[in-house]
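This report refers to the structure that appears directly beneath it.
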(Lines of atoms letter the chains of each structure in order from A and count residues from 1; the text may use other names and numbers.)
(Lines give C-alpha, C1' and ligand atoms only; values in the text may rest on other atoms or scores of the structure.)
Protein backbone atom coordinates (compact mmCIF):
# COMPACT_ATOMS: atom_id res chain seq x y z
CA UNK A 1 0.00 0.00 0.00
CA UNK A 2 2.81 2.44 0.83
CA UNK A 3 4.52 1.88 -2.52
CA UNK A 4 1.24 2.29 -4.39
CA UNK A 5 0.40 5.48 -2.46
CA UNK A 6 3.72 7.12 -3.40
CA UNK A 7 3.39 5.95 -6.99
CA UNK A 8 -0.12 7.43 -7.29
CA UNK A 9 0.86 10.65 -5.52
CA UNK A 10 3.84 11.48 -7.75
CA UNK A 11 1.97 10.57 -10.95
CA UNK A 12 -1.15 12.57 -10.04
CA UNK A 13 -1.85 15.39 -12.49
CA UNK A 14 0.53 14.19 -15.20
CA UNK A 15 -1.94 12.00 -17.05
CA UNK A 16 -5.54 13.01 -17.66
CA UNK A 17 -7.91 10.64 -15.90
CA UNK A 18 -10.57 8.94 -18.04
CA UNK A 19 -13.41 9.62 -15.63
CA UNK A 20 -14.20 11.29 -12.32
CA UNK A 21 -16.85 10.60 -9.74
CA UNK A 22 -19.07 13.17 -8.07
CA UNK A 23 -19.60 13.11 -4.32
CA UNK A 24 -22.24 15.05 -2.42
CA UNK A 25 -21.57 16.31 1.06
CA UNK A 26 -23.69 18.50 3.29
CA UNK A 27 -22.28 21.35 5.30
CA UNK A 28 -22.77 21.74 9.01
CA UNK A 29 -26.12 23.46 9.62
CA UNK A 30 -25.90 27.23 10.09
CA UNK A 31 -28.98 29.02 11.41
CA UNK A 32 -30.98 25.85 10.84
CA UNK A 33 -29.95 25.44 7.18
CA UNK A 34 -27.37 23.12 5.62
CA UNK A 35 -26.25 23.35 1.99
CA UNK A 36 -25.28 20.39 -0.15
CA UNK A 37 -21.94 20.64 -1.96
CA UNK A 38 -20.96 18.61 -5.02
CA UNK A 39 -17.31 17.76 -5.48
CA UNK A 40 -15.46 15.98 -8.28
CA UNK A 41 -13.18 13.21 -7.07
CA UNK A 42 -10.65 11.80 -9.49
CA UNK A 43 -9.58 8.20 -9.69
CA UNK A 44 -6.21 8.90 -8.07
CA UNK A 45 -7.74 10.89 -5.22
CA UNK A 46 -10.29 8.13 -4.59
CA UNK A 47 -7.54 5.52 -4.34
CA UNK A 48 -5.56 7.72 -1.96
CA UNK A 49 -8.63 8.11 0.27
CA UNK A 50 -9.10 4.34 0.30
CA UNK A 51 -5.47 3.79 1.32
CA UNK A 52 -5.68 6.50 3.99
CA UNK A 53 -8.74 4.83 5.48
CA UNK A 54 -6.91 1.49 5.48
CA UNK A 55 -3.91 3.07 7.23
CA UNK A 56 -6.19 4.51 9.90
CA UNK A 57 -7.73 1.12 10.59
CA UNK A 58 -4.31 -0.54 10.63
CA UNK A 59 -3.06 2.00 13.19
CA UNK A 60 -5.99 1.11 15.47
CA UNK A 61 -5.24 -2.63 15.14
CA UNK A 62 -1.52 -2.12 15.76
CA UNK A 63 -2.17 0.13 18.77
CA UNK A 64 -4.49 -2.12 20.77
CA UNK A 65 -3.32 -5.58 19.69
CA UNK A 66 0.39 -4.72 19.63
CA UNK A 67 1.44 -1.63 21.56
CA UNK A 68 -1.02 -1.97 24.47
CA UNK A 69 0.12 -5.48 25.54
CA UNK A 70 3.73 -4.45 24.94
CA UNK A 71 3.43 -1.37 27.18
CA UNK A 72 1.76 -3.40 29.93
CA UNK A 73 4.48 -6.06 29.81
CA UNK A 74 7.36 -3.55 29.81
CA UNK A 75 5.90 -1.63 32.76
CA UNK A 76 5.35 -4.90 34.64
CA UNK A 77 9.01 -5.86 34.15
CA UNK A 78 10.16 -2.41 35.32
CA UNK A 79 8.07 -2.71 38.50
CA UNK A 80 9.40 -6.18 39.36
CA UNK A 81 13.02 -5.27 38.61
CA UNK A 82 12.67 -1.85 40.29
CA UNK A 83 14.65 -0.34 37.44
CA UNK A 84 13.77 1.70 34.35
CA UNK A 85 16.51 1.76 31.73
CA UNK A 86 16.80 4.50 29.12
CA UNK A 87 16.03 2.17 26.21
CA UNK A 88 13.03 0.65 27.94
CA UNK A 89 11.63 4.06 28.88
CA UNK A 90 11.93 5.21 25.24
CA UNK A 91 10.07 2.14 24.00
CA UNK A 92 7.39 2.59 26.68
CA UNK A 93 6.84 6.22 25.66
CA UNK A 94 6.63 5.20 21.99
CA UNK A 95 4.14 2.45 22.85
CA UNK A 96 1.99 4.88 24.83
CA UNK A 97 2.02 7.41 21.98
CA UNK A 98 1.12 4.63 19.56
CA UNK A 99 -1.88 3.61 21.68
CA UNK A 100 -3.02 7.22 22.09
CA UNK A 101 -2.68 7.79 18.34
CA UNK A 102 -4.68 4.65 17.63
CA UNK A 103 -7.42 5.77 20.03
CA UNK A 104 -7.42 9.22 18.40
CA UNK A 105 -7.79 7.68 14.95
CA UNK A 106 -10.59 5.52 16.33
CA UNK A 107 -12.44 8.66 17.46
CA UNK A 108 -12.00 10.34 14.08
CA UNK A 109 -13.12 7.18 12.25
CA UNK A 110 -16.22 6.99 14.42
CA UNK A 111 -17.11 10.59 13.59
CA UNK A 112 -16.61 10.09 9.86
CA UNK A 113 -18.60 6.84 9.82
CA UNK A 114 -21.52 8.22 11.81
CA UNK A 115 -21.70 11.49 9.88
CA UNK A 116 -20.67 10.30 6.44
CA UNK A 117 -23.15 12.64 4.68
CA UNK A 118 -21.50 15.78 6.08
CA UNK A 119 -18.33 17.64 5.24
CA UNK A 120 -16.41 17.35 8.52
CA UNK A 121 -13.43 19.46 9.56
CA UNK A 122 -11.80 18.63 12.89
CA UNK A 123 -10.22 21.63 14.62
CA UNK A 124 -6.89 21.53 16.51
CA UNK A 125 -8.70 22.06 19.83
CA UNK A 126 -10.62 18.82 19.21
CA UNK A 127 -7.39 16.90 18.53
CA UNK A 128 -5.87 18.32 21.72
CA UNK A 129 -8.90 17.31 23.83
CA UNK A 130 -8.92 13.78 22.38
CA UNK A 131 -5.15 13.46 22.94
CA UNK A 132 -5.37 14.52 26.59
CA UNK A 133 -8.48 12.42 27.18
CA UNK A 134 -6.92 9.25 25.76
CA UNK A 135 -3.51 9.85 27.35
CA UNK A 136 -4.91 10.08 30.89
CA UNK A 137 -7.33 7.20 30.36
CA UNK A 138 -4.89 4.71 28.83
CA UNK A 139 -1.95 5.55 31.12
CA UNK A 140 -4.15 5.17 34.21
CA UNK A 141 -5.65 1.90 33.01
CA UNK A 142 -2.28 0.31 32.19
CA UNK A 143 -0.77 1.43 35.51
CA UNK A 144 -3.71 0.02 37.50
CA UNK A 145 -3.48 -3.35 35.74
CA UNK A 146 0.27 -3.53 36.29
CA UNK A 147 0.05 -2.63 39.99
CA UNK A 148 -2.66 -5.21 40.61
CA UNK A 149 -0.86 -7.95 38.68
CA UNK A 150 2.42 -7.28 40.54
CA UNK A 151 0.90 -8.32 43.90
CA UNK A 152 -1.87 -10.73 42.82
CA UNK A 153 -0.46 -12.50 39.77
CA UNK A 154 -3.09 -15.24 39.66
CA UNK A 155 -6.12 -12.99 40.09
CA UNK A 156 -5.21 -10.75 37.15
CA UNK A 157 -6.19 -13.59 34.81
CA UNK A 158 -9.90 -13.68 35.76
CA UNK A 159 -10.01 -9.86 35.68
CA UNK A 160 -8.65 -9.79 32.12
CA UNK A 161 -10.81 -12.70 30.94
CA UNK A 162 -14.02 -11.25 32.37
CA UNK A 163 -13.31 -7.89 30.74
CA UNK A 164 -12.28 -9.36 27.40
CA UNK A 165 -15.02 -11.96 26.98
CA UNK A 166 -17.64 -9.57 28.35
CA UNK A 167 -16.92 -7.07 25.58
CA UNK A 168 -16.38 -9.84 23.02
CA UNK A 169 -19.80 -11.42 23.53
CA UNK A 170 -21.72 -8.18 24.15
CA UNK A 171 -22.29 -7.38 20.41
CA UNK A 172 -23.29 -11.01 19.79
CA UNK A 173 -25.80 -10.95 22.66
CA UNK A 174 -27.37 -7.78 21.25
CA UNK A 175 -27.45 -9.39 17.81
CA UNK A 176 -29.21 -12.53 19.11
CA UNK A 177 -31.70 -10.42 21.05
CA UNK A 178 -32.55 -8.36 17.96
CA UNK A 179 -33.35 -11.59 16.01
CA UNK A 180 -31.94 -10.01 12.86
CA UNK A 181 -30.87 -12.12 9.87
CA UNK A 182 -27.23 -13.10 9.61
CA UNK A 183 -25.24 -10.38 7.77
CA UNK A 184 -24.43 -11.58 4.27
CA UNK A 185 -23.33 -8.37 2.52
CA UNK A 186 -19.87 -7.95 4.08
CA UNK A 187 -18.02 -9.46 1.12
CA UNK A 188 -19.54 -11.29 -1.82
CA UNK A 189 -16.64 -13.73 -2.09
CA UNK A 190 -16.94 -14.81 1.55
CA UNK A 191 -18.92 -17.84 2.59
CA UNK A 192 -21.00 -18.02 5.76
CA UNK A 193 -18.03 -19.44 7.67
CA UNK A 194 -15.72 -16.72 6.34
CA UNK A 195 -18.24 -14.03 7.32
CA UNK A 196 -18.42 -15.49 10.82
CA UNK A 197 -14.62 -15.41 11.11
CA UNK A 198 -14.53 -11.77 9.98
CA UNK A 199 -17.20 -10.81 12.51
CA UNK A 200 -15.33 -12.65 15.26
CA UNK A 201 -12.13 -10.77 14.38
CA UNK A 202 -14.08 -7.51 14.45
CA UNK A 203 -15.51 -8.22 17.91
CA UNK A 204 -12.03 -9.40 19.01
CA UNK A 205 -10.62 -5.98 18.10
CA UNK A 206 -13.61 -4.31 19.78
CA UNK A 207 -12.91 -6.22 23.01
CA UNK A 208 -9.20 -5.38 22.84
CA UNK A 209 -9.96 -1.66 22.57
CA UNK A 210 -12.47 -1.67 25.43
CA UNK A 211 -9.98 -3.43 27.67
CA UNK A 212 -7.93 -0.21 27.83
CA UNK A 213 -10.30 2.61 26.89
CA UNK A 214 -13.76 3.47 25.61
CA UNK A 215 -14.29 2.37 22.02
CA UNK A 216 -15.68 5.31 20.08
CA UNK A 217 -16.81 2.91 17.33
CA UNK A 218 -19.62 0.76 18.72
CA UNK A 219 -20.09 -2.57 16.93
CA UNK A 220 -23.67 -3.43 15.92
CA UNK A 221 -23.87 -6.70 14.01
CA UNK A 222 -27.53 -6.22 13.08
CA UNK A 223 -26.71 -3.00 11.16
CA UNK A 224 -25.66 -3.32 7.48
CA UNK A 225 -22.56 -1.18 8.18
CA UNK A 226 -21.82 -3.15 11.39
CA UNK A 227 -21.55 0.17 13.26
CA UNK A 228 -23.99 1.73 15.70
CA UNK A 229 -24.44 5.28 14.39
CA UNK A 230 -26.64 6.55 17.22
CA UNK A 231 -25.12 8.55 20.08
CA UNK A 232 -25.86 6.61 23.27
CA UNK A 233 -24.95 8.75 26.28
CA UNK A 234 -26.36 6.15 28.68
CA UNK A 235 -23.91 3.45 27.52
CA UNK A 236 -21.03 5.92 27.73
CA UNK A 237 -21.95 6.91 31.29
CA UNK A 238 -22.35 3.31 32.45
CA UNK A 239 -18.99 2.34 30.94
CA UNK A 240 -17.04 5.09 32.71
CA UNK A 241 -18.83 4.57 36.01
CA UNK A 242 -18.13 0.83 36.01
CA UNK A 243 -14.54 1.35 34.86
CA UNK A 244 -13.91 3.88 37.64
CA UNK A 245 -15.33 1.46 40.23
CA UNK A 246 -13.19 -1.37 38.83
CA UNK A 247 -10.01 0.73 38.88
CA UNK A 248 -10.72 1.85 42.45
CA UNK A 249 -11.30 -1.78 43.53
CA UNK A 250 -8.07 -3.00 41.89
CA UNK A 251 -6.13 -0.19 43.53
CA UNK A 252 -7.66 -1.06 46.90
CA UNK A 253 -6.57 -4.70 46.48
CA UNK A 254 -3.08 -3.53 45.54
CA UNK A 255 -2.95 -1.26 48.60
CA UNK A 256 -3.99 -4.11 50.91
CA UNK A 257 -1.63 -6.76 49.49
CA UNK A 258 1.34 -4.60 48.41
CA UNK A 259 4.75 -6.16 48.97
CA UNK A 260 8.17 -4.81 49.93
CA UNK A 261 8.72 -3.79 46.32
CA UNK A 262 6.68 -0.66 47.05
CA UNK A 263 8.46 0.10 50.32
CA UNK A 264 9.65 3.52 49.13
CA UNK A 265 6.39 4.44 47.38
CA UNK A 266 3.75 6.57 49.07
CA UNK A 267 0.83 4.24 48.36
CA UNK A 268 -2.08 6.57 49.36
CA UNK A 269 -0.65 9.39 47.24
CA UNK A 270 -0.21 7.06 44.26
CA UNK A 271 -3.80 5.80 44.54
CA UNK A 272 -5.09 9.36 44.76
CA UNK A 273 -3.04 10.43 41.72
CA UNK A 274 -4.34 7.56 39.60
CA UNK A 275 -7.97 8.23 40.51
CA UNK A 276 -7.54 11.95 39.81
CA UNK A 277 -5.89 11.11 36.46
CA UNK A 278 -8.89 9.02 35.46
CA UNK A 279 -11.21 11.86 36.49
CA UNK A 280 -9.11 14.20 34.33
CA UNK A 281 -9.66 11.86 31.38
CA UNK A 282 -13.42 12.03 31.94
CA UNK A 283 -13.20 15.83 32.21
CA UNK A 284 -11.41 16.17 28.85
CA UNK A 285 -13.95 13.80 27.31
CA UNK A 286 -16.82 16.01 28.54
CA UNK A 287 -15.08 19.11 27.18
CA UNK A 288 -14.64 17.44 23.80
CA UNK A 289 -18.27 16.34 23.42
CA UNK A 290 -19.67 19.59 24.82
CA UNK A 291 -17.51 22.18 23.03
CA UNK A 292 -15.04 20.68 20.52
CA UNK A 293 -16.95 17.93 18.70
CA UNK A 294 -17.13 18.83 14.99
CA UNK A 295 -20.73 17.59 14.72
CA UNK A 296 -22.11 18.85 18.02
CA UNK A 297 -24.82 20.79 16.16
CA UNK A 298 -26.27 17.48 14.96
CA UNK A 299 -26.68 16.03 18.46
CA UNK A 300 -30.26 15.49 19.51
CA UNK A 301 -29.12 16.27 23.08
CA UNK A 302 -25.86 17.60 24.48
CA UNK A 303 -23.54 15.61 26.71
CA UNK A 304 -24.62 17.65 29.75
CA UNK A 305 -28.29 16.89 29.10
CA UNK A 306 -27.52 13.24 28.48
CA UNK A 307 -25.53 12.88 31.70
CA UNK A 308 -28.23 14.73 33.63
CA UNK A 309 -30.89 12.34 32.35
CA UNK A 310 -28.66 9.36 33.22
CA UNK A 311 -28.14 10.63 36.76
CA UNK A 312 -31.88 11.23 37.12
CA UNK A 313 -32.50 7.66 36.00
CA UNK A 314 -29.97 6.31 38.50
CA UNK A 315 -31.51 8.40 41.29
CA UNK A 316 -34.93 7.08 40.33
CA UNK A 317 -33.61 3.52 40.62
CA UNK A 318 -31.99 4.21 44.00
CA UNK A 319 -35.08 5.99 45.38
CA UNK A 320 -37.35 3.78 47.53
CA UNK A 321 -40.70 2.80 46.00
CA UNK A 322 -43.71 5.06 46.58
CA UNK A 323 -45.76 2.32 48.28
CA UNK A 324 -43.41 2.20 51.25
CA UNK A 325 -43.44 5.99 51.49
CA UNK A 326 -47.24 6.02 51.51
CA UNK A 327 -47.41 3.35 54.19
CA UNK A 328 -44.90 5.27 56.30
CA UNK A 329 -46.96 8.42 55.93
CA UNK A 330 -50.12 6.50 56.80
CA UNK A 331 -48.49 5.22 59.97
CA UNK A 332 -47.36 8.67 61.01
CA UNK A 333 -50.55 10.45 59.99
CA UNK A 334 -53.91 9.92 61.73
CA UNK A 335 -56.74 8.44 59.67
CA UNK A 336 -59.21 10.65 57.83
CA UNK A 337 -62.00 10.17 60.45
CA UNK A 338 -59.95 11.73 63.24
CA UNK A 339 -63.12 13.18 64.83
CA UNK A 340 -64.56 9.70 65.22
CA UNK A 341 -61.33 8.48 66.73
CA UNK A 342 -61.27 11.34 69.19
CA UNK A 343 -64.95 10.76 70.21
CA UNK A 344 -64.30 7.05 70.66
CA UNK A 345 -61.29 7.80 72.87
CA UNK A 346 -63.42 10.23 74.92
CA UNK A 347 -66.17 7.62 75.49
CA UNK A 348 -63.58 5.09 76.58
CA UNK A 349 -62.11 7.57 79.04
CA UNK A 350 -65.61 8.42 80.39
CA UNK A 351 -66.39 4.73 80.82
CA UNK A 352 -63.19 4.28 82.73
CA UNK A 353 -64.11 7.25 84.95
CA UNK A 354 -67.60 5.87 85.71
CA UNK A 355 -66.26 2.46 86.57
CA UNK A 356 -63.73 4.06 88.89
CA UNK A 357 -66.50 6.03 90.66
CA UNK A 358 -68.68 2.89 91.11
CA UNK A 359 -65.78 0.99 92.59
CA UNK A 360 -65.07 3.83 95.06
CA UNK A 361 -68.78 4.06 96.13
CA UNK A 362 -68.96 0.33 96.74
CA UNK A 363 -65.84 0.61 98.83
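Cβ from N, Cα, C; glycine included.
Unlike curated entries, TrEMBL annotations are predicted automatically.
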Annotated range (TrEMBL: transmembrane segment) out of 108-129, 130-151, 196-217: 196-217
Residues from the same chain, set at least six apart from the ends of the transmembrane segment (269-291), whose C-beta lies under 8 A from its own: 125-126, 129-130, 132-137, 139-141, 143-144, 214, 240, 243-244, 247-248, 251-252, 255, 302-304, 307
Contact set, same chain, for the transmembrane segment (196-217): CB under 8 Å, 6 or more residues outside the stretch: 60-61, 64-65, 68, 99, 103, 106-107, 109-111, 113, 134, 137-138, 141-142, 160, 163-169, 171-172, 183, 186-187, 190, 226-227, 236, 239-240, 243, 285
Intrachain neighbours beyond the transmembrane segment (237-257), with Cβ under 8 angstroms and 6 or more residues off its ends: 140-141, 144-145, 147-148, 150-152, 155, 159, 210, 214, 267-268, 271, 274-275, 278-279, 282, 285, 306-307, 310
